[in-house]
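Positions annotated as domain 'PH' by TrEMBL: 260-358. As annotated by TrEMBL, region 'Disordered' applies to 380-413, 440-475, 619-690. Marked as compositional bias 'Polar residues' by TrEMBL: 451-460. Under the heading domain 'PID', TrEMBL lists 483-619. Here TrEMBL flags 619-648, 681-690 as compositional bias 'Basic and acidic residues'. The annotation compositional bias 'Low complexity' is assigned in TrEMBL to 663-674.
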Amino acid sequence: QTRSLLGVFEEDAAAISSYINQLFQAMHRIYDAQNELSAATHLTSKLLKEYEKQRFPLGGDDEVMTSTLQQFAKVIDELSSCHAVLSTQLADAMMFPITQFKERDLKEILTLKEVFQIASNDHDAATTRYSRLSKRKENEKIKAEVTEDVYTSRKKQHQTMMHYFCALNTLQYKKKISLLEPLLGYMQAQISFFKMGSENLTEQLEEFLTNIGTSVQNVRREMDCEVENMQQTIEDLEVASDPLYLPDPDPLKFPAHRNLTRKAGYLNTRNKTGLVSSSWERQFYFTQGGNLMSQARGDVAGGLVMDIDNCSVMAVDCEDRRYCFQITSFDGKKSSILQAESKKDYEEWICTINNISKQIYLSENPEEIAARVNQSALEAVTPSPSFQQRHESMRPAVQSRPPAARTSSTGSLGSDSAALSALSLDSLVAPDTPIQFDIISPVSEDVPGQAKSSGQSGRRTNPFGESGGSKPDTEDSILHQLFIVRFLGSMEVKSDESPDVVYETMRQILAARAIHNVFRMTESHLLVTCDCLRLIDPQTQVTRLQFPLPNVVLYATHQENKRLFGFVLRTSGGRVESRQTSICYIFESNNEGEKICDSVGLAKQIAFHAELDRKASEKQKEIDRVKEKQQKELNKQKQIEKDLEEQSRLIAASSRSNQSSTDGQFVVVSSSQSEDSDLGEDGKKKRESE
């Protein structure tokens, strides 16, 4: 009966253990989910707080949205704190009791069961040995040992059995406690959490949530209205764009515009892949001023294809393809064959490029001028003359300019030029100054205000201060910064006190370049040091121009195009030798205009501090020289006083010796004085010196 009843208790303990394990896993999932909810709530609050730091490409600074999300972040942060408190309470009140029952009480039952089983096996073995004792030969020693084993095993089994049975009986009470305590802790933790939530969710917050809900509904209505308008627009565009879906629309319904000075669209360009083979590539082309640009799919910006000022364009037959035309540059060295999609685009591209090549886009009303010029047929063909013919046709116009209007062979703009008269010069710029578009080599021509020392022109300069023979002037300079620049032009200005001088000079030089088709720019290396600014030839390392840094009185970058920068150089002389002149130099860089200006400013600061140090050093040297002179005078005075004392002492000694002299000696002295009177003035001086 005992063992049968023990089996029932053991079966019940196994069922309790299985059920408790399942319940423990379920409660552990609640605890893990609560921890995850607390962490996720905290992360949500953190992300809402960081909304104001985000920079959305299509979203402006919405202060209302930012403040609303900040309010939500504050509330959610408080909820996150409540969830964190709930997690702690669940760990203490729910997980701890059931974990203790699972890890301590159930393991104790299993341990006692194993010990009871071992004790029972030992008792059975001892009893078996005791039953095998022989009745014939009785060994008292063996009998006593077997009897002792039976006694010990029986006692051990009985004690183990009592502890095991007690633990099984106690398990029935612990089962109830282990089930109720975690549930009680869970409910108390939830009640505490909801109380904290009710305290945080005040009426003010409810009013805030109501207002936000109303705002959301208004935004939803606006969105529905906008979607409806967009759907209507889409339907209208579908109806209106139906003829445009045709690749080659009817030219009678959609005639070509021949008065355009700007054009953009997709074209096929022919690329040579061999001597006789070629391939076609589709790209987006557009005109920008006097340039033809192209942009491949995925590129950020377009690239220059060709300068189409004074170019030629003509229709061509190419590889059995329709609507092809060829563009040839002014000098005839570069040409491109392009294919349009339709006849309308084909004619418009030819007319547009033809108008741009005639520089109609530079006039005030380009469409009216193009309408007067373009009265040709649909097939607009522009023959391509040779470079020699074009050069001969332009030679009289070049020779008609007076010599005084040209500063150099590279091109300049005189005061009597017809194009310059259209550009009203501001009071900042001298009215009769020429514009220099290229750098004049210091070997060939002297620039006013550019004083050159012997051996400076044509000397190769290493911009990094490394030289083999003679050391450059800027070798000891603290600052050495090199920039790649392209010279646009320079001209004399009236004032050098405001950056507006640089801006006006930029405007006039760029306008003059566009009017006179001057697109060539000289690339140089600009070396900024504490002593001067140098323009160095990148190929030969020869110093083209040198600007003393103290003479650079103004420098600025273009307000919109940061690639353009300029500086004003104050020089002595110029067209009027009796006064100082100011010349503004304009350059183009690789998006480094501000860096160059900062470098020039830093160089001037370093030079200014160096000049202050030099003056302080010279002043200190002057003070030292004065002190040294005073010390020499003092030493000389002391030496004179010392000599006077010595002379007085000698005179006193001589007077004492004279008093003790005899009359004969007096006669000798008198005779010597008479001899002195006969010697004359020179003899007396010689005698006195002796």
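Cβ coordinates come from backbone N, Cα and C, glycine included.
Helix, strand and coil residue tallies for the compositional bias 'Basic and acidic residues' (619-648), in that order: 30 helix, 0 strand, 0 coil [DSSP]. Per-class residue totals from DSSP over the domain 'PH' (260-358), listed helix then strand then coil: 15 helix, 50 strand, 34 coil.
Confidence annotation: the domain 'PID' (483-619) carries a mean pLDDT of 83 in the model.
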